[in-house]
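K.L.:
The ATP binding site annotation in Swiss-Prot covers Gly27, Ser28, Gly29, Lys30, Gly31, Thr32, Arg141 and is backed by similarity to another entry. Residues annotated as AMP binding site in Swiss-Prot: Thr48, Arg53, Glu74, Leu75, Ile76, Gly100, Tyr101, Pro102, Arg103, Gln107, Arg174, Arg186. Per Swiss-Prot, region 'NMP' is recorded for 47-76, and the stated evidence type is similarity to another entry. Residues or ranges marked as region 'LID' by Swiss-Prot: 140-177.
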Amino acid sequence: MALNLLRNYSTKIRMDHLRMTIIGAPGSGKGTQSEKLKKDYNLPIISTGQILREVSEQNTKSGIEIKSKLAAGELISDAIMSDIITEHLTKTGNSWLLDGYPRNTEQAKGLDKYLNVKMALNVVLHLDVPEKVLAERVQDRWVHPGSGRVYNSVFSPPKVKGIDDVTGEPLVRRSDDKDEEVFRNRIQTFKNNTLPLLKYYEDRGVLYTIDSPNSDEGYVKIKQILDSILTK
């Protein structure tokens, strides 16, 4: 599904009522694009990946379960994800960006029920990146554990190799990026669970698919969409 730049943008969205999510396979650039959107549009980010990694380090029942699921490249249960997301949404205002949630239709329906019609998602960005590019990206991906900032040693490297630009702390590779079998499992899980979700949002008229393997070009398209539909 290619990006349709000829879509009718007659329905405008107020900047302070922008409720958006980014959907994409592992390595599609959700974190990278989220950070750019945060900077350019002053959007609070709720990053499910970062939240889950933080919870997985806790010695609790949920933490142990999440750590096991992440290590295997499996999805976290809908119930746990719903609790985590709603807890963070209660602390956020009317405008925000969800990074990596929902991941299946049931989660989307649960989110809609929680938000109700007046507060529903009004922009869903789908980052459509070829699988070969995804595999290359995760091999070159480095993250700052404390903030979740994502770097790529090829197309978005840190100023100093292996060092976070902001804090000066060391960067690391995610454990689920190192194992090729785990990565393949994550891709298949995405196809099985998340791709049907696109039809759900397409039917609601809020889906925008960006089919660019280049991160910078993809962000240009994202800005083109948002600048066309946002109003002060």
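Heads up, the Cβ atoms here are built off N, Cα and C, so glycines get one too.
Quick one: where do these features end up spatially?
P.N.:
Residues within less than 8 Å, Cβ to Cβ, of Ser28 (ATP binding site) and separated from it by at least 6 positions along the same chain comprise Leu127, Asp128, Val129, Leu134, Arg137.
Mapped onto three states, the DSSP output places Arg103 (AMP binding site) in coil. The Cβ neighbour count for Arg103 (AMP binding site), using a 10 Å radius over every protein chain in view, is 19.
Helix, strand and coil counts under DSSP for the region 'NMP' (47-76) come to 21 helix, 1 strand, 8 coil.
Across the region 'LID' (140-177), mean pLDDT in this model comes to 88.
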K.L.:
Which whole-number value in Å describes the distance between the Cα atoms of Gly31 (ATP binding site) and Thr48 (AMP binding site)?
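P.N.:
Pair distance, Cα basis, whole Å: 10 Å.
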K.L.:
Taking 10 A as the limit, how many CB atoms besides its own sit near the CB of Arg174 (AMP binding site)?
P.N.:
18
K.L.:
Identify all same-chain residues not among Gly27, Ser28, Gly29, Lys30, Gly31, Thr32, Arg141 whose C-beta atom falls within 8 angstroms of the centroid of the ATP site's C-beta atoms; report them in sequence order.
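P.N.:
Not counting the recorded site residues, we get Gly24, Pro26, Gln33, Leu127, Arg137, Val150, Ser215.
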K.L.:
In the same chain, which residue numbers or ranges, 6 or more beyond the ends of the region 'LID' (140-177), come under 8 angstroms Cβ to Cβ?
P.N.:
26-27, 31-32, 35, 47, 49-50, 53, 70-71, 73, 183, 186, 214-216
